[in-house]
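> Per TrEMBL, the feature domain 'Hcy-binding' maps to 6-328. As annotated by TrEMBL, Zn(2+) binding site applies to CYS246, CYS313, CYS314.
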Amino acid sequence: MGHAAMMSDFLRQCGGVAVIDGGFATELERHGADLNDPLWSAKCLLTSPDLIRRVHLDYLEAGADIILTASYQATIQGFKNKGYSVEQGENMLRKSVELAREARDIYYTRCHEASTKDTTGDKILKQRQILVAASVGSYGAYLADGSEYSGDYGDAMNLEFLKDFHRRRVKALADAGPDLIAFETVPNRLEAQAFAMLLEEENINIPAWLSFNSKDGINVVSGDSLIECVAVAESSNKVVAVGINCTPPRFIRDLVLSIKKATSKPILIYPNSGESYDADIKQWVQHTGVSDKDFVSYVNKWCEAGASLVGGCCRTTPHTIRSIYGTLSRKSADPSLVFEAPRLQPSER
């Protein structure tokens, strides 16, 4: 099955709209993790792998159809700066995928052991296809200076530098066997081109998505044209979806309408809560975002505008995702497409 057909089939099984998970670092911190580190959420790959697995499970039990790995800010260079070898850094990247896959296996086991109902309490235990998306943050995320929210990498930046920076990282993640590669919070057209070219140059046979961010609801954060950025995704056969993440909810509908004019691919959106981030003190500014209730009130409008993959980014939680799951009016899947999760042997649990 081709990449585009795979995504179409997956969305059909989801009833037309798939649910992406929510903020990862938000949940790690809620459980007590200290992420004041250049590695951010990827720090837990070194210190708290069990917590990563737990957060993945929380999102699956909230109804997520796609979970993103804890590798957004995990880079070979970042691990090297902490004293780890290239090989150890690659192992950490692979571990991020393995933890997500393990969480999925545990979830399937829980579904099998649960009753035939879709929900148990507030947990959604429903046999369905779940995709693991390997998260690849931008070069700006590695810098840990907030530049993924500006796209300003300096005048000396060029395409070859960005490809070389991401190359081994993308290969290591792909080799770990995710279902998707999620290029996230892409702040400019140049980095989108680098990602699309890497997929071809390294002959990576895993579908990918490109997700940009915007602070004005018109262009991407660097000021580059959103339409030109979307064109990069549209021109790649290996990119199966394109959209927006880590952007205030109030901008999403208009951005989806703009993207729809420039692509035939499925459109994904996973906004942040709308809170402002202070890069100087590395903290979110309290009371600047929207409530879960207000966030979820947008969902049907986003889908009507053309979004077919919906979730949350920074400062959203499993509660947000559970509300999205409950809000989406899902069509009944074709019985012939009902997914049978693998049954694990006791030794595999």
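Numbers here mean position along the shown chain, with the first residue as 1.
Positions of Cβ are set from backbone N, Cα and C atoms, glycine also.
Curation does not apply to TrEMBL; its annotations are automatic.
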> Specify all same-chain residues, apart from the site residues CYS246, CYS313, CYS314, whose Cβ lies within 8 angstroms of the center of the Cβ atoms of the Zn(2+) site, ordered by sequence.
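Not counting the recorded site residues, we get GLY23, THR185, ASN213, ASN245, THR247, TYR270, PRO271, ASN272, SER273, GLY312, ARG315, THR316.
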> Using other CB atoms within 10 angstroms as the count, which residue among the binding-site residues CYS246, CYS313, CYS314 scores least?
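Across CYS246, CYS313, CYS314, these binding-site residues, the one with fewest Cβ atoms within 10 Å is CYS314.
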